[in-house]
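> The following block contains the structure, expressed as structure tokens.
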Amino acid sequence: MLRAVARCCGHWPPGAAAADGMLWQTELRPHAAGEFSMAAAQANLAMEDQAQVLASPAATLVGVYDGHGGADASRFLRSRLFPHVQRFEKEQGGMSTEVIRRAFGAAEEEFLQQVRQAWRQRPKMAAVGSCCLLGAISGDTLYVANLGDSRAVLGRRVVGGGVAVAERLTDEHNAASEEVRRELTALNPDDAQIVVHARGAWRVKGIIQVSRTIGDVYLKKQEYSMDPVFRNVGPPIPLKRPALSAEPSIQVRKLKPNDLFLIFASDGLWEHLSDDAAVQIVFKNPRTGIANRLVKAALKEATRKREVSFRDLKTIEKGVRRHFHDDISVIVVYLDRHRGRRHTRVVDSSSNCTNAPVDIYSSNSGQSVETLQAHRGSGW
């Protein structure tokens, strides 16, 4: 059991590198209820997205972690979230919303400890965070938990027809939403700056668009943002209470025969494709390479908006690419079999884990991740 979790939190399997060295995909792989497909595209100098699937005969875990301010928090989640889920699931004897809530809380607390330990040497760690999207399929029950603006969408067949419709399964915690702005204002009635329109978007404290994350300690604990050490990172930020939350939104539903597939993806995909467009692509095309097809559809839309060709995009280096699109991570999970068994365990001795590369460019170019991390001075 522990070896399976260790494999999941370690190296990625060999994937199919596209001609574009910033793309990655892997072949179709089995999970408890069918098959899944994964793909990713790098835009940032350091890949800030991370994605993984842990599959056993009993159940499936899916994780998409969209980092910001650096890759530390998303890489941390890649290595630590699933073990926390596994630990609490074992303690409680099955999957539940409480297991997921405790796993998110434990991950947040553990990352805070990492920030404390690195504070004097790397104060920038306090300004690093990540969105966190978790899916768990246990028997015929689906759990989806979310912090931030990554998204899970269900493709569902219309009863009596050959048409698929999209159903969004996540609440997005982004200040672009009027509901989120109202929530922030209600929680902070004495803070006129809790949500500000700055640099073309609504932002919490005029800084960050997402309102719930793992990390971003400087917007949760004033002792970090007001410490003189933090002045090397940014201006002091007075806080009467945490501006951001790590409390996930959790949805639970019973899977039905008309539920065809799930799409889990970072907002790098959704800023270019609608829920319905993504569902139609998956519904109308072969399974092989389907996640990569979604990534390429988003990239083509991004290039159309920027009035450059997709061929030209392939020549643009990492870092510069961020002006055209964000990092993109996509996992498509097909729902072929709905087992009615209850209290199934998430991890067992025959579990298999698939991770997207920590950094696509270094993976495709042959540069070791260890070398890349040493060059950046990363702690992960």
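Each Cβ is built from the backbone N, Cα and C atoms, and glycine gets one as well.
According to Swiss-Prot, the record shows the following:
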type    : residues              : note
BINDING : Asp66, Gly67          : Mn(2+) 1 binding site
BINDING : Asp66, Asp267, Asp326 : Mn(2+) 2 binding site
DOMAIN  : 32-335                : domain 'PPM-type phosphatase'
> Can you list, in sequence order, the residues of the same chain other than Asp66, Asp267, Asp326 whose CB lies within 8 Å of the CB centroid of the Mn(2+) 2 site?
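Apart from the listed residues, the neighbours are Asp49, Cys131, Asp149, Ser150, Ser266, Gly268, Leu269, Trp270, Glu271, Asp327, Ile328.
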> Using CB atoms and a 10 A radius, I'd like the single residue among the binding-site residues Asp66, Asp267, Asp326 with the highest neighbour count.
Asp66
> Give the three-state DSSP assignment (helix, strand or coil) for Asp326 (Mn(2+) 2 binding site).
coil
> Within the chain of Gly67 (Mn(2+) 1 binding site), which residues six or more apart in sequence place their C-beta under 8 angstroms from its C-beta?
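Same-chain residues close to Gly67 (Mn(2+) 1 binding site) (Cβ under 8 Å, separated by 6 or more) are Glu48, Asp49, Gln50, Ala73, Ser74, Arg75, Val128, Gly129, Ser130, Cys131.
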> Give me the Cα-Cα distance between Asp326 (Mn(2+) 2 binding site) and Asp66 (Mn(2+) 1 binding site), rounded to a whole Å.
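So the Cα of Asp66 (Mn(2+) 1 binding site) lies 10 Å away from that of Asp326 (Mn(2+) 2 binding site).
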> What mean pLDDT score does the domain 'PPM-type phosphatase' (32-335) have in the model?
94
